[in-house]
Structure formats: C-alpha cells, structure tokens
Amino acid sequence: MYPAHLLLLLAVCVSLLGASAIPPLPLNLAQFALVIKCADKGKRPRWHYMDYGCYCGPGGSGTPIDELDRCCKTHDECYAQAEKKGCYPKLTMYSYYCGGDGPYCNSKTECQRFVCDCDVRAADCFARYPYNNKNYNINTSKRCK
C-alpha cells in the first residue's frame, strides 16, 4: 500500500472516531426546531433558544427571567408530564402540519399528540414574546436563583 493511501485511511478512521464521540441530537429536538420555525415564520435562528435565560436549553432552575424564558420553563414542565405518562418526549417523533396560522398536530398515538402539543404550545409562546439579547448565554449560577 502506498503511503498516501495509508494517510488517507488514517484520516478517515480518525474522523469516524471523532464523530462517534459526539452524541447525536435527539430527533425530537431537531423536529422541535422546525415547529419553532413554523410558528415564528423563521424570524429567529433556532440556536437562539439553546442557551437563553434560566430554562431554554438543557436543565433549568430558579425564576424565569422573562416571558420567553417562562415559555421554556412551561415546555420543560410539559415534557416532565409526558414522561409521567410513560412517553419519551426527547425521542418521540410526531406528525404536524405547518399552516398559515402556524403549526398543528395531527399525530395518531397519545404520546405523539402529547409531545407535539408541548412543542406547538412552546413554539407559539416563543413567537408571542420578544427576544432579549442580554438574556442569551447568561451566568445562570448568578441570575437563576
């Protein structure tokens, strides 16, 4: 085997090993991003919601810092209710329709409907309230008490 071929094979193996160390984004969260886009007509990038306030993004604690953050807290609570029903909200895929008035759920199973309703309500809530750049990537240990 030629040295160039070995180098190429090594590069492929290293990149595959690196990719396997990155956890995949749960499918529902990717779908939730599309529901948000439908509700707010694409006004804001989805990543704006990944680290906003005390509740938008992983985890959450303290008092929500504004109405948009309160939407995320309510969404977290809705997912907790879904889990109590035996659903897996971060993995549950559902069927929805993006109409002129925003997203609508049309899923068949109880878990799909419940999780879809959680996401649609949160997305509609996000679309109603302003985004405050000062509340993005905040120091949660100081501001979320």
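Cβ coordinates are placed from backbone N, Cα and C, and glycine is handled just like the others.
Cys56 is paired in Swiss-Prot with Cys72, the candidate among Cys54, Cys71, Cys72 named as its disulfide partner. Checking the candidates Asp40, Asp66, Asp76 against Swiss-Prot: the one annotated together with Tyr55, Gly57, Gly59 at the Ca(2+) site is Asp76. Checking Cys125, Cys144 against Swiss-Prot, the residue bonded to Cys54 by a disulphide is Cys144.
Checking Cys13, Cys38, Cys71 against Swiss-Prot, the residue bonded to Cys125 by a disulphide is Cys71.
Listed in Swiss-Prot as the disulfide partner of Cys105, from the options Cys98, Cys116, Cys118, is Cys116.
According to Swiss-Prot, Cys118 forms a disulfide bond with Cys78, chosen from Cys78, Cys87, Cys98. Cross-referencing Cys38, Cys111 with Swiss-Prot gives Cys38 as the cysteine bonded to Cys98, criterion being a recorded disulfide. Other Cβ atoms within 10 Å of the Cβ of Cys72 (disulfide bond) number 21 in total over all chains. With a cut-off of 8 Å between CB atoms and residues at least 6 apart in sequence, the same chain places Tyr55, Gly60 near Asp76 (Ca(2+) binding site), listed in sequence order. Apart from Tyr55, Gly57, Gly59, Asp76, the residues listed for Ca(2+), the same chain places the Cβ atoms of Cys54, Cys56, Pro58, Gly60, Cys72, Lys73 within 8 Å of the centroid of those Cβ atoms.
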